Amino acid sequence: HPPPVATDREEQKRLLGNRPDQPQQPKVLRVAIIGAPNAGKSTLSNQLLGRKVFPVSRKVHTTRCKARGVITHQDTQLIILDTPGLTNPLKAKRHNLDEAMLTDPWDSMKHADLVLVLVDVSDQWTRNSLSKEVLRCLSQFPHIPSVLVLNKVDILKKKILLLEIATELTEGIVNGKKLEVKSALKKDSSSSAKSPLQVKVPGSPFGQEKNQAQQGSGWDKSSDVGGAGTGEGPKHHGPEDVKDVKGWPHFQEIFMLAALHGEEVDTLKRYLLMQAKPGPWEFHSDVLTNQSPQEICDNIIREKVLEYLPLEVPYGVTQVTEMWEEGECGELLIVQSLLVPRESHKRMLIGRGGKVISRIAQEASQDLMNAFLCDVRLKLKVEVK
């Protein structure tokens with residue numbers, strides 16, 4: 001079971017300062033998860049960790065900073081770098097985003113041993129090409145092995161589309177081999193079987209052929225593309241080169257999953273553990289995240305505010321923690337003020353008969369109990385700043 005997060009700031013600081021209790025031959029892997037805003041990066045991070053420590057919302061830019069999640073399994077430590085969605089200066093300005101929102105994903109790439117590129121296949125407008133920001137990121141760091149993760153496959157009615165999407169996003173090349181798709185689909189292409197399809201990648205223990213479709217014939221051996229395995233990176237794309245590019249031909253693997261329901265997340269986790277290389281651990285095995293308890297609390301409350309308020313309104317809410325202490329029975333007592341710029345926003349946030357604000361408090365305390373593994377009493381106040 002993953003460890004809980006300490007509820008006390010000093011305790012968490014002490015844990016983070018502890019020397020890693022690593023075994024004789026430790027292994028480590030730093031994983032950056034990148035993708036367009038709202039692809040499901042934080043949901044996937046939480047599922048991999050087994051506890052909710054990153055905020056999740058249908059609204060874009062819920063993740064505001066780069067935080068780390070830590071998975072310690074036997075002799076291996078995976079460090080998950082949950083990054084803000086890759087965005088451009090224009091959108092950043094519109095959502096009143098910090099400068100760091102533009103630089104953090106790039107910073108995470110610098111420290112990564114492996115990058116997961118997450119694509120939301122349920123979005124028909126964006127699923128057939130990687131975003132320009134993602135392509136720029138990949139072309140800037142071509143030496144870092146990358147894996148394509150198709151998310152939200154459970155929402156896709158026609159599973160046959162997954163083969164098309166996978167081919168377009170990889171430019172028909174995976175693991176340095178040419179991809180020739182020969183589908184063996186049943187007549188009823190709209191059948192939605194429970195198990196998501198996974199592409200067969202040659203030379204990989206993870207290519208599983210599901211009954212939905214098959215892949216893996218006619219691999220062109222002569223088309224090896226330089227990658228991490230060969231010690232030389234693929235040809236570097238300059239920023240101007242990504243204008244007409246839709247996919248990335250240097251992915252080593254393709255995974256298809258539904259992060260929200262945890263489908264196939266364990267398969268991805270096993271793969272990540274297998275990719276770890278000998279090296280010292282960064283954290284003690286009792287550490288689940290490098291965030292302070294207050295940061296986790298702020299993020300989770302903000303997630304709910306984003307979820308329940310319309311359009312741009314939640315982006316103007318300021319949070320102030322007024323009380324954080326342990327009660328008589330070991331429960332955590334938190335009082336937080338939510339400051340809004342207008343009276344109308346205050347009315348929206350409180351809701352008729354206080355319904356909205358009490359729902360936010362109730363859901364946030366549930367999530368905080370999951371992170372801290374203790375009873376949480378949360379009180380929220382709304383004021384006009």
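Cβ atoms are placed via backbone N, Cα and C, with glycine included.
What TrEMBL annotates here:
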- 1-24: region 'Disordered' (REGION)
- 27-279: domain 'Era-type G' (DOMAIN)
- 35-42: region 'G1' (REGION)
- 61-65: region 'G2' (REGION)
- 82-85: region 'G3' (REGION)
- 151-154: region 'G4' (REGION)
- 192-243: region 'Disordered' (REGION)
- 233-243: compositional bias 'Basic and acidic residues' (COMPBIAS)
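Each residue in the region 'G3' (82-85) has a pLDDT score, and their mean in this model is 63. Within the chain, the region 'G4' (151-154) has long-range Cβ neighbours (under 8 A, six or more residues past its boundaries) at 39-40, 44, 118-122, 162, 192, 196-197, 256-261, 263.
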